Amino acid sequence: MVPNGSTYMEGQTKMANDDDRVEPGNEVYDEDTVKKYKMTTDPNYKHQLLPKFAIALAVLHVGALYGLYLTVTFRLKLLTFIWGCIIGLASAEGIVIGSHRGFSHNSFKLTTFGQVLVIILQTISGQYHIHWWVRDHRLHHKFVDTDADPYNARRGFFFSHVGWMMMKKHPLVLEKGATIDMSDIESNKLIMFQKKYFIPMFFLFNIILPVAVPVYFWNENIWTSFFTVFVYRYVHTLNATWCINSIAHMYGTKPFDMRITANQSHFAHIVTFGDGWHNYHHIFPWDHAMDEFGFSTGFSTRVIRFLARMGVAYDLRKPSPELIYKHSQRHEVLEDLFKSYESCKSTLIEDETPKLIKEVNSEAEETDLRKLGTDMNYKFKKQHWSVYLFFIIWHVGALFGLYYCFNGAKLATVVWAAVLAVLNNQATVLAAHRAYSHRSFKPTKALKLALIFLQTMAGQNSIFWWARDHRVHHKYTDTDADPYNASRGFFFAHAGWFLIKKHPAVMEKSKGIDISDLLDDEWIMSQHKYFPELFFLVGFLFPILVPYYLWDENLWISFNVAFCLRYMIVLHTISTINSFGHTYGNKPFDKRIRPVMSNIVHWATGGDGWHNFHHCFPWDYGLSEFGYGKGLSTWSIEFFAKHGYAYDLKKASDHVVIAHSARHVSRAQIAKAQSCAHKYKSIMDKELKKRCDHYDENGIKAYKLTTDFNYRHRYKWRFVFLYTLLQIMGLYGGYCFLFKITWKTFIWAWITGFLSGQGVVLGSHRGYSHKSFKATKALQLLLVFFHTMSGQNHVYWWARDHRLHHKFTDTDADPYNASRGFFFSHTTWLLVHKHPLVLEKGKLIDVTDLKEDKIVMFQKKYLSPLHILITFMIPTLVPVYGWGEDFWLSLFVNYFFRYAVILHLTSTVNSFAHAYGMKPVDKRIKPSQSWVADWATAGDGWHNYHHIFPQDCGMSEFGYSKGLSTRLLEFLAYCGLAYDLKKASPSVVIGHARRHGDGSLVEDDIRRTTPCS
């Protein structure tokens, strides 16, 4: 299947085909070309060190460390920190957009204004002039990782990262550099001006202006400003850029061309705001986005596209999907692996599966699992009361510890607890899990001793107990014989299983688990025998007494921070594997089992979140396919192996992984549609036509509605005055929020802001406007309460106008008609009298369900007193009476500022999501997929999809870009508060997208249903 071609913006993005023009900087690396030149890397050549540059770089890095110290210890003012971040981001974009994508590869063009802007930003970065940068980068692409490459990665990580800056260039770099076509750069007067006057421009833009602004505008200390805003920011930007030369040429995957050294690097992608998809980039350097089909589009790409919309950038270039697909077919190994599917079937068990795991994959075992199941009527026996007491005490102590981290504890104590938490987490993951539960690698005695010590400190019982229960869990996953059976609910899998006695089936089936290797290990059995005594010494006394004796920390603070908080953090992060890892995510390897691929778990545990893969291949030491999603734990194992402390690392072969996923996940199936733990009610075409009052182009034409631009709305001056007053008060409230209130009020403002936002998103929008789910009475009361707190009128008014908006989108019958401009759809519609068509067509909207809802009508009737009580009094007075906050500060922050922010965040859906973005589902309508709106509203930004399938409770196709609101809704459903969650079926979505979309959803379909893409 070959994807169809599409463009990002009609008329603005050009598709590059096989015969597309080749401009300077667009030459593609070709292995045959390099062979023709007979260039490799001569290991005997010794580069000549340039002492001046080496000393300068060393001094800069020492100064940067001091700047980092000033930053993390809050020795600088908040405004200085924000200013440094702004300057750092701007200078980084000067490199990425200017030197790299714009001038090196000519992937887009800039107006004169745009060129001046990026040249200034590139000068701020301090990475020499653009002429030098471009010449060396084009040389790098033409002769990648040979002696003619200025930053040749074959000479090692250090050389490609920074060493090349302090060495004299290889003779081949000088020789081949003279052959690089620089005609376009040398004919650019602005770039040549920068080259001529770079030194004075460097001092002005990179040092003087960034340092002077904090000194003169908010009286920052000049040396603090110098070391943070210049030195640290400069070095940070340098190292982020250098990551492309080093990390992206050494670590990662190669989905497009296995022949070259460049890789797809998540780390480089994050630190450079989008330049990490390097395997792709070296094949298609002229792509302005540097990623395939918009996948993992970074911040820099969004900036370029924003500049294009503003008319500053134009002629954005992008290879056609056909060209990308054909290249990957020729040079990527995926298809070859599928061709060998039949030949490698027989090797799945015999060649790869250790003895411990063989029986899990047998047909007899699967039959036994189906018979075993989960008896939901079984009542567990409670543990001894002391277990509950300690569980409560440690959680309360952890809350105290969290408080002391911000108010009372010394910095050294907080760092100590954080370091121990990371080490304890890693010891549990490496020792108890990967090494002893699954035997995925073997540690030497030295590493074994260290891991046992740190795992004991983690306090999660002995390794023997941990590994035995974990093997039972893998053998009888999510049945009554599973100690932490996720079929019994999120809480049970996360923490509830601690607090009850084991199910009889767990006790019975655990006797059949082979633990002979653990019984034969003297160190493991010694830890198991003396665990209570060892934990008291290593897990309790040691962490508490070190801060007490070494830096005179208060004993009570040390207990709460270094023991309670640390212990609870490690316990809960590991427990996410049992709960989140079996509940929320997708199943690319085996759709038959409950475990999923979870990003939350992956980050919380340092790499154990690729759980669907792990339950298929538990012996894989990396817990991820082909290095994808490689976390801290895997890096640690590889580091220990490299230095001789770990050996016999086991890895599932590519053929085995592909064969398994080919058997159990159809390549044409949208797996993410089935990934949620609870059942969705599918909306088919007939139901959509019957129930959905969604925008239909033909319906609009029938009504002959458009936008009459000669019509002049009449302002409601009372609303204009109140709105202006709210914004002014909100601005002062924002200042108080950042600088004046206590930390408790700060947290309270976040909580009330989030809850009032969810009252709008889940309550008035998804719940009442579109009926995408049903809520119990308790949840209805909560949603109406929080909607009232948002201050956005009553639910009846909100839902009626929103249904009208969907029926007559962006016409004069739409209350917030985006055709009248960004500002009108964002805020002006609140300040003017409604268009006559809004009043006329509003009478046609069916609101009988709202009128029959007693809670909604009660809120409508008593909105004024409810607004005073819930929107104004409760948020304002809780901080005043709860912890003595100043009344006026609380008023400005918790009423004016919160009210204004939630209003603007909600309005982004009307404005941004109708102005900027892609249209993968239906390109005929104005609503778009907007990342800005998606983040602002915690999940309501997938607007092109939403206007076609408004009754989808997730508001995104196949769970893609699943926001916080959707996850909260799924959690509420999991707890029984929400039910009848509706979801558009994949076949309906794909069918509509193929007929009317811009092609991007189809391309994503191809990527996501192709294993390991």
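Quick reminder: no glycine exception, Cβ is built from N, Cα and C everywhere.
Keep in mind that this is a model prediction, so the values were computed, not measured.
Annotated region 'Disordered' per TrEMBL: 1-25, in sequence order.
Taken from TrEMBL, the feature compositional bias 'Polar residues' applies to 1-10.
Residues or ranges marked as transmembrane segment in TrEMBL: 53-71 (among others).
Within its own chain, the transmembrane segment (78-100) has Cβ neighbours under 8 Å at 71, 118-127, 130, 133-134, 137, 206, 210, 213-214, 217-218, 220, 224-225, 228-229, 232-233, 236-237, 240-241, 272-275, 300, 303-304, 738-739, counting only residues six or more beyond its boundaries. Marked as transmembrane segment by TrEMBL: 78-100 (among others).
Annotated domain 'Fatty acid desaturase' per TrEMBL: 82-286 (among others), in sequence order.
Outside the transmembrane segment (112-134) by six or more residues, the chain places 25, 87, 90-95, 97-99, 102-104, 182, 185-186, 188, 190-192, 194-195, 198, 201-202, 205-206, 210, 234, 237-238, 241, 307, 312-313 with a CB less than 8 A from a CB of the stretch. Residues annotated as transmembrane segment in TrEMBL: 112-134 (among others).
What TrEMBL lists as transmembrane segment is 197-218 (among others). For the transmembrane segment (197-218), the list of distant contacts is 77, 79-80, 83-84, 87, 91, 120, 123-126, 128-129, 225-226, 229-230, 233-234: same-chain residues at least six beyond its ends, Cβ to Cβ under 8 Å.
Positions annotated as transmembrane segment by TrEMBL: 230-251 (among others). Listed by sequence, the residues of this chain that lie at least six past the ends of the transmembrane segment (230-251) yet keep a Cβ under 8 A from its Cβ atoms are 60-61, 63-64, 66-68, 70-71, 84, 87-88, 91-92, 95, 125-127, 140, 145, 151, 153, 157, 160-162, 164, 206-207, 210-211, 261-263, 265, 267-268, 271-272, 275-276, 278, 627, 630.
Beyond the transmembrane segment (385-406), the same-chain residues lying 6 or more positions past its ends with a Cβ under 8 Å from any Cβ of the stretch are 414, 417, 498-499, 557, 559-561, 563-569, 743. If you look up TrEMBL, you'll see 385-406 (among others) marked as transmembrane segment.
Tertiary proximity for the transmembrane segment (412-432) is limited to same-chain residues at least six positions away from its ends with a CB under 8 Å from its CB atoms, namely 401, 405, 443, 448, 450-455, 457-460, 463, 466-467, 470, 543, 546-547, 550-551, 553, 557-558, 561-562, 565-566, 569-570, 573-574, 605-608, 632-633, 636-637. Marked as transmembrane segment by TrEMBL: 412-432 (among others).
Annotation comment: TrEMBL describes 415-618 (among others) as domain 'Fatty acid desaturase'.
The transmembrane segment annotation in TrEMBL covers 534-551 (among others).
Per TrEMBL, the feature transmembrane segment maps to 557-577 (among others).
The domain 'Fatty acid desaturase' annotation in TrEMBL covers 746-951 (among others).
Sequence-distant contacts of the transmembrane segment (747-764), counting only residues of its own chain at least 6 positions beyond either end whose CB sits under 8 Å from a CB of the stretch, comprise 737, 741, 783-792, 795, 798-799, 802, 875, 878-879, 893-894, 897-898, 901-902, 905-906, 937-940, 965, 968-969. Positions annotated as transmembrane segment by TrEMBL: 747-764 (among others).
Here TrEMBL flags 862-884 (among others) as transmembrane segment.
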Requested in this report: Could you check if the transmembrane segment (534-551) is in contact with the transmembrane segment (53-71), meaning 3+ Cβ pairs under 8 Å among residue pairs at least 6 apart in sequence?
Outcome: no
Report task. Grab the pLDDT values for the domain 'Fatty acid desaturase' (746-951) and give me their mean, rounded. Result -> 88
